[in-house]
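> Here TrEMBL flags GLU67, ASP82, LEU84, ASP85, ASP209 as Mg(2+) binding site.
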Amino acid sequence: MHPLVNIAVSAARSAGNFIMKYYERSDQLQIERKAKNDFVTQVDRGAEQEIIRLIRKAYPQHAILAEESGASGDNEVTWIIDPLDGTTNFLHGIPHFAVSIGIEVRGKLEHGVIYAPCTQDLYVASNGSGATLNNRRMRVSQCKEMERALIGTGVPLREEYLDRYTPMLRNIAANTAGIRRAGSAALDLAYVAAGRLDGYWEFNLKPWDIAAGIVMVQEAGGIVRSLDGSDDVLKHGHILATTLKLGDELTQLLR
């Protein structure tokens, strides 16, 4: 395992342990509303601080881009962190949330770690080295027929995307085996990589939501595209992740 990944795994597990101390104790938390349908607690911040502490201990000069504390540092290596992806699920006692850590080297995504503390599932991927779930190699789905495909999504938080999203939802519902909206972009991407979902799309995500998952899907043999045709999915955040076999047909359904 790459030294950077070793630190990312340790940091993700440590943050996950911190998060689980507060799971199903939301009545004891201070909840702040950052925006419509977007919440933050001291658990998000505490988990992020734990991740940053462990990164800084090993690599004090590396740059960090984190959901709650923003960007810091200037280095060829950037750690892209979501300490608790699926905060709303966490607050409602729904066991579907994750720690997500992506690592960018000289402007290219190289490594990704996603840890689901409720199940203790650990997803790891490195560019050119494949992707694993709990140390076992994982691959995207072998589904060939769209009517048998199960597709994940996220409902846009901003109303400006709803008019574009609604016809997509209708098309996917009419042409696939079903749609799942689980509430964690990082885990949705991990599920595509593991073959649990056959595809996933969502608008307006942030780099920390998808950085690790992009590496995960690509290294598991899948494809990641931008819904708006741009080359930089990480920057624009309109993402489609699926398999080579379903990619073109799914892209057409989402137009």
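Glycine is treated like the rest: Cβ placed from N, Cα and C.
Automatic, uncurated: that is what TrEMBL annotation is.
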> If you draw a 10 Å sphere on the Cβ of ASP82 (Mg(2+) binding site), how many other Cβ atoms land inside?
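Taking all protein chains shown, ASP82 (Mg(2+) binding site) has 33 Cβ neighbours within 10 Å.
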> Around the Mg(2+) site (GLU67, ASP82, LEU84, ASP85, ASP209), what further same-chain residues have their C-beta within 8 angstroms of the site's C-beta centre?
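Those within range, site residues removed, are ASP44, ILE81, PRO83, GLY86, THR87, ALA98, SER100, ALA185, ALA186, LYS206, TRP208.
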> For the binding-site residues listed here (GLU67, ASP85, ASP209), tell me which residue's CB has the most neighbouring CB atoms inside 10 Å.
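Its Cβ has the most other Cβ atoms within 10 Å: ASP85.
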> Around LEU84 (Mg(2+) binding site), how many other C-beta atoms are within 10 angstroms of its C-beta?
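Total other Cβ atoms inside 10 Å, all chains included: 30.
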